[in-house]
Structure formats: structure tokens, C-alpha cells
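According to Swiss-Prot, the protein carries these features:
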type: BINDING; residues: Thr148, Lys174, Thr185, Glu271, Asn393, Thr398; note: substrate binding site
type: ACT_SITE; residues: Thr185; note: active site, nucleophile
Amino acid sequence: MELVKGNIASPKGFYADGKHAGLKRKRNDIGWIYSEVPANAAAVYTMNQMQAAPIFVTKDSFQSNAKLQAIIVNSGNANACTGNQGMLDALAMRAQTAEKLDIPLDYVAVASTGIIGDMLPMDKINAGIEMLEKQTGNAADFEEAILTTDTFQKQISFQTEIGGRKVTMSGVAKGSGMIHPNMATMLAFITTDAAIPAELLQKLLKIKVDKTFNQITVDGDTSTNDMVVVMANGCAENPMLQEGTADFAKFADMFQAVMEHLAKSIARDGEGATKLIEVQVNGATKTEDARMIAKKIVSSSLVKTAAFGGDGNWGRIICAIGYSGGRFAPDNITIKIGGIEILNHSSQTIFNQQALDAYLEEEHIIIDVDLHIGLESGTAWGCDLSYEYVKINACYRT
């Protein structure tokens, strides 16, 4: 597997673009991904029960088949909690995109992100979709078109050889606030020219989402709009992937790398964030316990504010472990911050405070927890909690 310079349109047969339709003041706010042939597809969605209209429309597209040829996305407006009219507007986005690209209606996925409760300005949406062209575009413009409070574009591309063919996989994501997936306010789109059955792609996506996107948190809020969509159009012409083979393992590793990079990028770009926090939990009896404990630690407001202030207060970490719901032995926990052991057998060690203080000034803080009761592990990612987070969200609509 090789990291390559690319974008969401790098896999063979894909195109992407973004335009300014006027939903936002300056930046691009409507974008699309298009495959020149129908692609096997998979998707996962927010677990928030107040799901936005685009979620229902995309689910409807998947009802008749697991194929997509286009994804239409707008930012600046979530089209959530907008009643029957919001549903009609999302359906209209799908229909207009299908007509413009001359593809079947159910080959189009719809995604929206932005302010909840406002009606879509359909005159602007319609004008934006009319700018669509089948096989032209600038992928960087698409990356910008899906952003809201993000401070940078998030994308990655890898290549590997499968069945004697070069296979490319690219991913792009947005997300900065309201991030606490199962899923959260994040959109992620992954394209690949690999040939893989849709059922296997869906199974793999769920496994990898649980390891990556569902292990990030910024503020504990789960959004109404999140989705991850994967399109595999087979244009690399590799032999159809089969589970349990060496080629499938290579594909799965590449999938993991793409999704982990995007997940960490979202956590790093949390609203107002100055530091990425990574929590690694080892020695658990179950993977689920390790992941649960890691995520509780990285979700703790007290841990997040300590990271912001450069305070190595391990009491906040052990407290989060205690209420995590995961299994552990209270008298046998080891905690390291940046490789510096500060807790052993659940008692404070003698450590170099100056070295710890210096480490906590870095932009990537790693907390290692060993439970010493098993062999399973899990990782979660988040960010610190700064004054800027409050400022951004206190004035979001203004």
C-alpha cells in the first residue's frame, strides 16, 4: 500500500466538483461526485433519531439496489427538522441531479450539512445543480463545498496492487463540531476503482466505521445528518474481491488507512481545537470494553480542558475510566502520557514533571492505558476544549 498525492476523483472513472450557489456568503456550497459507470455502494448513517431528510432519501436510493453513480451535497443548510417540505426538497435534489446527469433516480445519494431547522433555498440549490457537468470538475472545489466550520480540507489517497491491477482508493470528509458518532456531524465519501461485491463492501464498511469514525468525539453531540458513503466502480478491472483472500486483506487494510486518516483529521479539526488527543487502551478482556473506555476518556470535558491547559491531571483520566461502563480491575491500572508513566497499579509514580509539562505543550497528545486483565485493545481520538469552542458555538447563527 502506497500513500499517493490524489483526491476524491483520483480512482479511475470518477469526477468531482463544487460550486458557489449562494447558500454561504463566499465559499463553495454545493458539490457532487460522479462515476462514469454505476458503482457498487455502501453507506452508514447517523444514529440520531431525528434524522434529516437527505438521510431518508439516500436510504430510499439504496432500497432498490446497492448501486450509486452520483452524490449531491450541499453545505450551509442541514435540511433537518423541516417537515414534509424538507423531504420534498431532498427528493427534488435527487431528481434534478439524476435528470441533469441522465442517470437513474435511485443511483443518486443526497447529503446536506449546516444549520438545523431552516428551509433549503431551492432556487439557489436548483441553480447550483444546473452547473453540473458529467466529466469535468475540480476535486478541491468539491472538498471546499462540503465544509461548514472546518478550518481545513480533509482528504487522502492510497494505491495498492490487487490481482495484478493498480487499485486506488480516496476519501474526503467534513466535520468539526457536533462530533460524537454513531455517526455524528460529519460527512465522509470514499471512492475506489476496485471491483468488490456491494454486500461485502457494506459489511467491511460497518466494521471499519466502528474502529474509526465511531471512535472520535469533539463535543459529545450526535448530529442529524451524518453519513459515510462508499462507491466502488470496478474500473481498475481487478478480479472481483472475495472475503478471506490475500487481496481482500490488502483492500481492507487500505480501507482502514483511509478511514482512520479521515477520522483523525476530523478530531484534529474540532471547533476551537489546539490539540489532537489520542487514547490507546490495552489489556482489556473485550475489544468493546477497550473502545468504550478510550472513548469515555477522550470525551471527558475535564480531560479535554486539562489537555488545553497542559495539565497532566491523571485523576480526571482515572475518573473517566471509572464511569466508562467497561470492565477493569480498579487496583491494577497503568497510565502513561507521552510514554511517561504517571500511574502504576492505580497509584501515582515518581515521574519527571518538567518532561510531562513539556510534552503537554505538543499538538498531538497520546494517553496510554493498560488494564492488565486481557489482550484486547481499542483507540479513540478527540481534541482539547478551548475558549474558542464556546465562542464559535455561541455565535454559530450570527
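Keep in mind that glycine also has a Cβ here, set from the backbone N, Cα and C atoms.
The number of other CB atoms found within 10 A of the CB of Lys174 (substrate binding site), across every protein chain shown, is 27. Neighbour count (other Cβ atoms within 10 Å of the Cβ, all protein chains): 25 for Glu271 (substrate binding site). There are 23 other CB atoms within 10 A of the CB of Thr148 (substrate binding site), with all protein chains counted.
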